[in-house]
C-alpha cells in the first residue's frame, strides 16, 4: 500500500482546522499510520525546504513553518499520494478550486495550510525525516 506524508502547517493548527482536515482524509478511507504534533526547528525546516533555498521567499517560509506547532502524519491507501494532492489543491490558495482543502480554507498566498508529498520517492524521504524512529 502506498504511503504519503502530510503536514498540517501552523495556520491549520492556529485556525483549529486539524479535525476537519483529518476528517476529510478519513472519509476517503485513508489509514492514518502515524500522527504527531510537533514544533519544527530551523534545522529540520531548512532540510525539508532545501529544494527552494535559493528562492527569495526561503527565509519567510522557514519563519512560517517554525512559527508554531504542526501536525505531521503518515497516510496510506490506494494511490494515496495522487489522491491527497488532489484533495489539497494548488499550492497557491488563490488558484485552488472550491472543494479542495486550500480552496475551502485558504485565504493567504503564503500560509497555505498543508504540505503533502509529491511522489513516492519524496514521501519515503519525508517520512524518514519526520519519523526517524520508523527507519529501524
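For all residues, glycine too, the Cβ spot is worked out from N, Cα and C.
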According to Swiss-Prot, 9, 57, 85, 91, 112 bind ATP; so which of 15, 42, 79, 102 is the extra one listed there?
102
List the Cα distance (Å, whole number) between residue 115 (active site, pros-phosphohistidine intermediate) and residue 85 (ATP binding site).
9
Assigned conformation of residue 115 (active site, pros-phosphohistidine intermediate) - DSSP reduced to three states:
strand
Please give the maximum pairwise Cα distance, in Å and rounded to a whole number, for the ATP-binding set 9, 57, 85, 91, 102, 112.
22
Within 10 angstroms of the C-beta of residue 9 (ATP binding site), what count of other C-beta atoms is obtained when all protein chains are considered?
20
